[in-house]
């Protein structure tokens, strides 16, 4: 029970015990008063009602008290019933006395005033356990009397009313003070009890604390002889208690603790933390020792009390944490934070020596695909193997660090005043690192061929900003990726300009999305048999506020690399639905290019269905064009997703077939409806025999899989005749029209 509730309970208990006597006293008083007036026949019924009411209220209160004292009702319920019954008893008492006051003579009236005042005074003693109840009782009992006396015709009674008001105030103040004293007494009582209990517990537990405390406790005399030890002490040094009892610690081989233990008898602080070799068990520990003096009753030091902790595990963990603060837990290489410190010191060294250095920034190519398709365990193993192989081609002084993920950096320890020599050294090292990964990595049943992209930043004496240095090396590394991966690039300032241009493009694209600067152009798709426009491909254009009309090759590649392609793609899809709604009477369908990132979104199917419903467009009228890069995704997941979408009526077209990951096994499994021959084959097929053969083969293969074939890049009548003769179903190209705005497209129809 909380202390506050404990005090409330005790107050209620004390008040309950006192209530029996106060109830009997009140009943005796009102019974005597009723007897005095009983001879008046007209008063007998009111008197009987008065007595019965008071008896009933006080019986209810007494029953409540009994239940509470026998723990048959809650504190809160008992307080509530007790308070109400007490206040009702005050109300009935006051009402009865005032009724008699109105019919009594002056002598009896004075008698009634005395009785009410006496009852009030008695109530203060009985009810002051709860201040609010006590004061409320006084007001209920005395206020009606005060009012009666104030309104009485007698000047004496009028004057008496003021005395009773003063009496009420004094009783209220006394009640409040008495209540405070009671509570203070109870608080002191419980404090004393708690202290007494604590002392008893302390006394009872002192020996068990000494014996069972997980810290080693021992006592020793002035000769440094052990006089008492606990279990933890024997456990730390792994020696039975009987072997260390009366052991002279001066005879131990390791003397590191002797001096600290002797300080106790000089009344000095005694402490030791460090290594300790046990003589009896030949253990090497790391201990923490504290010792304090023990005194006799005269204050003389008679012994020492020692506390011994085995902190070997703590020190080992601390060293482990220190290791983790400076090294990468997966590869054991220097981590990012530690590397930056090395780099800062290295740059200061270059600044002083006026020499050059080199930093290599390394990123494993397509590493994300390994994690996604094979698993993070395999990915972790690849990183570890790469780190191990690379360390073998580095000098011991070179700093090799993992920045995070699949990003690594190497800071060459070699510096030279000859810039060309540093350039040559860095390039030579990068070639050796590339060579380490020419040998495949075997993990379980997987054989992985890994390549990496390296960016080299030549460090000059003028540079001190490590953030900029790492940024430049990172830019050079991405230049290697842009160049086809598995390459090495040196940083130059033009790369920063390219990055700035990309940042500018990023911001302009965000504005273009917000301000709806994009527009869809339409390129007709013609059915070869009828030479009639039956479909169209929706192609995005950017109405740039300063550069004019921009084609997709000016911004789509960057949008694909960033997350902006999702917003742009969503706009393209919605706009295509809106355009088709306007053209549905003249076109069979409309084709929309879908990026790999857009297709991979969890809400892609929902996006299509939402727009179909919004524009009331039949899904059969929408062709979704995907490039062969779709094969980079998990094939089974891709097939499942395509089938889900096709179930609603949407069709799929493979765009630019033959330029990427073309494979008959993929073609067989992926549920495409259309296959588009890339314009690079169609454009030169009449002059290039290989292109001509490829176009024929693609058409034949498509027919085998029941795909409809669309040829892109048809620019001449001869192109159209050739593909028609070889069974191509549709074509598009400049022969009919380049991509045009909606208004011009309608004219073509």
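The backbone N, Cα and C atoms fix where each Cβ goes, glycine too.
Please treat TrEMBL annotations as automatic predictions, because they have not gone through curation.
Feature annotations, reproduced from TrEMBL:
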- 355-493: domain 'GGDEF' (DOMAIN)
- 502-749: domain 'EAL' (DOMAIN)
- 20-37: transmembrane segment (TRANSMEM)
- 43-60: transmembrane segment (TRANSMEM)
- 81-101: transmembrane segment (TRANSMEM)
- 107-127: transmembrane segment (TRANSMEM)
- 134-150: transmembrane segment (TRANSMEM)
- 156-176: transmembrane segment (TRANSMEM)
Could you break down the residues of the domain 'GGDEF' (355-493) into DSSP helix, strand and coil, giving a count for each?
59 helix, 38 strand, 42 coil
Spatial neighbours of the transmembrane segment (134-150) far in sequence, C-beta under 8 Å, 6+ residues away:
86-87, 90-91, 93-95, 97-98, 101, 113, 116-117, 119-120, 123-124, 127-128, 157-158, 160-161, 164-165, 167-168, 171-172, 175-176, 179
Positions on the same chain near the transmembrane segment (81-101), where near means CB under 8 A and six or more residues out:
12, 15-16, 19, 26, 30, 33, 37, 43, 46-47, 50, 53-54, 57-58, 60-61, 64-65, 68, 73, 108-109, 112-113, 115-116, 119, 123, 127, 130, 133, 136-137, 140-142, 144-145, 148
